[in-house]
Structure formats: C-alpha cells, structure tokens
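J.: I'd like to ask you about the structure that follows.
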Amino acid sequence: MKPLGRLRLGVNIDHVATVRNARGTSYPDPLRAGLLAEAAGADGITAHLREDRRHIRDEDITALMQGLRVPLNLEMATTPEMQAIALRHKPHAVCLVPERREERTTEGGIDVAGDIGRLKDFVAPLRAAGCRVSMFIGHDVRQIEASAEIGAAVVELHTGHYCDLVAEGRTAEAARELEALREGAALAHSLGLEVHAGHGISYDTVAEIAAFPQVMELNIGHFLIGEAIFRGLGSAIEGMRRRMDAAREAAA
C-alpha cells in the first residue's frame, strides 16, 4: 500500500510552558514557540491542558486560539471541566488522553473499550461543535474498534513503548512492537478512522513510523523542545520535517 498522502507534523509545545513555569515567569511564551513552529513547517500545534495545569494554562489556550494560523490540537482528559473548555474554544481538534496526577507524562492509552457508553456521550457534543475528536490509544484491537464505535474521527497510536525499546537497544522487542503498531494502523484505517501517531518520537525513530502508509499525522514535542536547546527550535523542526518527508518518499 502506498502512503495515503502528505504526512503532517504537529508540534507539541507543552514543555516550553514547563520551562516558563519552573521560574514563574512570563517567558518563554508558548504562543511564540507555536509561531516559530509554523514558520519552520509545522502543520499544526498541540497543547495538553492538564487538570493540574503543570505546563499549559487556560490563558495559553486562549492565546493560541487567537494567535495561531495553523490548527490547534487540544489534548485533554475526559472530564466535564475539560469538555466545557473545549466547547468554549472549539479548537480544530481535541485529543482525549488518560491522565493521572502522579505521572510525569502520559503513560498509556485511554481505555475506550472499558468506557464506551460514557465516552460516546462525551464525544457527541464535541463533534457537534465541529471538533475532530481523536482517541490516544495503544494498538490493541479492542481499543481501535471501540474508538470507531464511539464516533471518534481519529485515533492517535501511542508510540512511546516502541521508542523506549529502540533507545534501550532492545532490537527484537522493538521490531515486534513496530509490527503491532503497523497492524493497528491498518486496522484503524480499515474501520474508517484517520490514523495519527505520537509520543517519544525522535530523529532515531521517526522514519519507521512515518513509513506507515495509513498514518497521516505525527505529533512530536518533548524531543523537539530538547533538541531546540542545542540547535534552535526552527532548525530542530526542519530536521524532523526532512526525516519525515524522506521516509514517506521512500515508502511511496
């Protein structure tokens, strides 16, 4: 199967806000980072408004909605408060993620299969408001099928475990995880879902994931913000964009 089209890059700017909040200052500004990302080739900006506001804050979402030219993808937990915020702002996309206060980052996918009734009701008003709803899930068949059942338009496959295995040099396990992700992407596409992928992606892991023909968007943040310390945000994003495009071209 040939790639379905140009692979989009969503840049997550959460950790610009992490640096800002570490000192309680007004800088660095997440919106400024978003605008730099736009100029460097990002197709969209992702921001996770966590319940504890540990990085992105409510006022950041307002500023991003007003200042960005590319679409905003709002990551959030499935709580009434977050639903109300999304319905007020009506971002282009809403990605629903699991959330625990004690975690350092999103550790796994959302359990759609175990909460179909509630999530179907949660998703419906977001869809009615014009938001493209995405479920951040693992490659488990049940979760993919349940995401289609509740009316999500998109699934974002959690690539964190694969990226960790690559970083740890566990080659055989990484190959098995990559194949499971590939099969998950194919299943999701066959069910009419648009397929995205994200979490933990770096220069070392992007090519294999970008080569999945069904994947239409990668969301990448922490690595790019870290790389920006050494080479600048624009250069870091351009480097990722080049690797994505090369992998896509090779898969065509």
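Sequential numbering from 1, following the chain as shown.
The backbone N, Cα and C atoms fix where each Cβ goes, and this holds for glycine too.
Worth saying up front: this structure is predicted, and the values here are computed from it rather than measured.
Reproduced below are the annotations present in Swiss-Prot:
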type     : residues                             : note
BINDING  : ASN12, ARG23, GLY200, GLY221, HIS222 : 3-amino-2-oxopropyl phosphate binding site
BINDING  : ASP14, HIS15, ARG50, HIS55, THR105   : 1-deoxy-D-xylulose 5-phosphate binding site
ACT_SITE : HIS48                                : active site, proton acceptor
ACT_SITE : GLU75                                : active site, proton acceptor
SITE     : GLU156                               : site 'Transition state stabilizer'
ACT_SITE : HIS199                               : active site, proton donor
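Tell me about the surroundings of these features in the structure.
T.: If you draw a 10 Å sphere around the CB of GLY221 (3-amino-2-oxopropyl phosphate binding site), it holds 25 other CB atoms from the protein chains shown.
Counting every protein chain shown, the Cβ of ASP14 (1-deoxy-D-xylulose 5-phosphate binding site) has 22 other Cβ atoms within 10 Å.
In sequence order, ASN12, THR46, ALA47, HIS48, LEU49, VAL94, CYS95, VAL97, PHE136 are the residues of the chain that are 6 or more apart from GLU75 (active site, proton acceptor) and have a CB within less than 8 Å of its CB. In the three-state DSSP classification, GLU75 (active site, proton acceptor) falls within a strand.
Annotation note: GLU156 (site 'Transition state stabilizer') sits in a strand segment as assigned by DSSP. Close to GLU156 (site 'Transition state stabilizer') in the fold, though at least 6 residues off in sequence, lie CYS95, SER134, MET135, PHE136, ILE137, HIS196, ALA197, GLY198, GLU217, ASN219, each with a CB less than 8 Å from its CB.
HIS199 (active site, proton donor) falls within neither a helix nor a strand when secondary structure is assigned with DSSP, and so counts as coil. Using a 10 Å radius centred on the Cβ of HIS199 (active site, proton donor) and all shown protein chains, the other Cβ atoms total 25.
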J.: HIS55 (1-deoxy-D-xylulose 5-phosphate binding site) has how many other Cβ neighbours within 10 Å of its own Cβ?
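T.: HIS55 (1-deoxy-D-xylulose 5-phosphate binding site) is surrounded by 21 other Cβ atoms within 10 Å.
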J.: Using C-alpha positions only, work out which of the binding-site residues ASP14, ARG50, HIS55 is nearest to GLY200 (3-amino-2-oxopropyl phosphate binding site).
T.: ASP14
J.: Using a 10 Å radius around its CB, how many other CB atoms surround HIS222 (3-amino-2-oxopropyl phosphate binding site)?
T.: 16
J.: For ARG23 (3-amino-2-oxopropyl phosphate binding site), write down the residues of its own chain that are at least 6 apart in sequence and whose Cβ falls under 8 Å from its Cβ; none is a fine answer.
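T.: Looking at Cβ-Cβ distances below 8 Å from ARG23 (3-amino-2-oxopropyl phosphate binding site), excluding near sequence neighbours, one finds none.
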J.: Ten-angstrom check, please: count other Cβ atoms within 10 Å of the Cβ of ASN12 (3-amino-2-oxopropyl phosphate binding site), all chains counted.
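T.: Within a 10 Å radius of the Cβ of ASN12 (3-amino-2-oxopropyl phosphate binding site) lie 25 other Cβ atoms.
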